[in-house]
Amino acid sequence: MPLPPDITFDSLALIKMHSQNMKRILEVTLAKFTVNLSIVTVYRYLTARAYLKKNIEAEFEILKDIYNIVPLLDDIAIKAAQIEANLIKKEITLDMEDIITATTAIYTNSLLVTDDPKRYEPIRRFGLDTMPLDKFIKEVELMVEKELI
């Protein structure tokens, strides 16, 4: 399956993509795709890094250089509220982070790469497309293999 040009990482996928053993995959991903991050995803990532006593000011500058950080725009806030209200009517509750991350992916017309696609299942009917992180990594590895042949 060809991957779309635009992707969005949720916070756990972002953390995993920035682990040492994913360095090459991350480099290829950044070279081949426009990677969007919700500002809420950035916040969660920086919280994890601050917990590990990292220099989050410097890390934030790096994130701004390599990713398209999407602020909580009016359109995203309104769409997220509509989605959440619809889910609440169906007695489905999701974390605000997940709703905003998913809405950001919908807004940017990008594939949401996540370690846990089931979390986002109720939002798929609003136009969200998801892919498990492990499948995305395999697809990127295949892209690299094909280029080497």
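Numbering starts at 1 and runs along the chain as it is shown here.
Just so it is clear, glycine is given a Cβ too, placed from its N, Cα and C backbone atoms.
Under the heading Mg(2+) binding site, Swiss-Prot lists Asp10, Asp98, citing sequence analysis as support. Under DSSP, Asp10 (Mg(2+) binding site) is assigned to coil, being neither helix nor strand in the three-state scheme.
Per Swiss-Prot, the feature domain 'PINc' maps to 8-125; the stated evidence is sequence analysis.
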To what whole number does the mean pLDDT across the domain 'PINc' (8-125) round?
97
What is the Cβ neighbour count of Asp10 (Mg(2+) binding site) at a 10 Å cut-off, with all protein chains included?
29
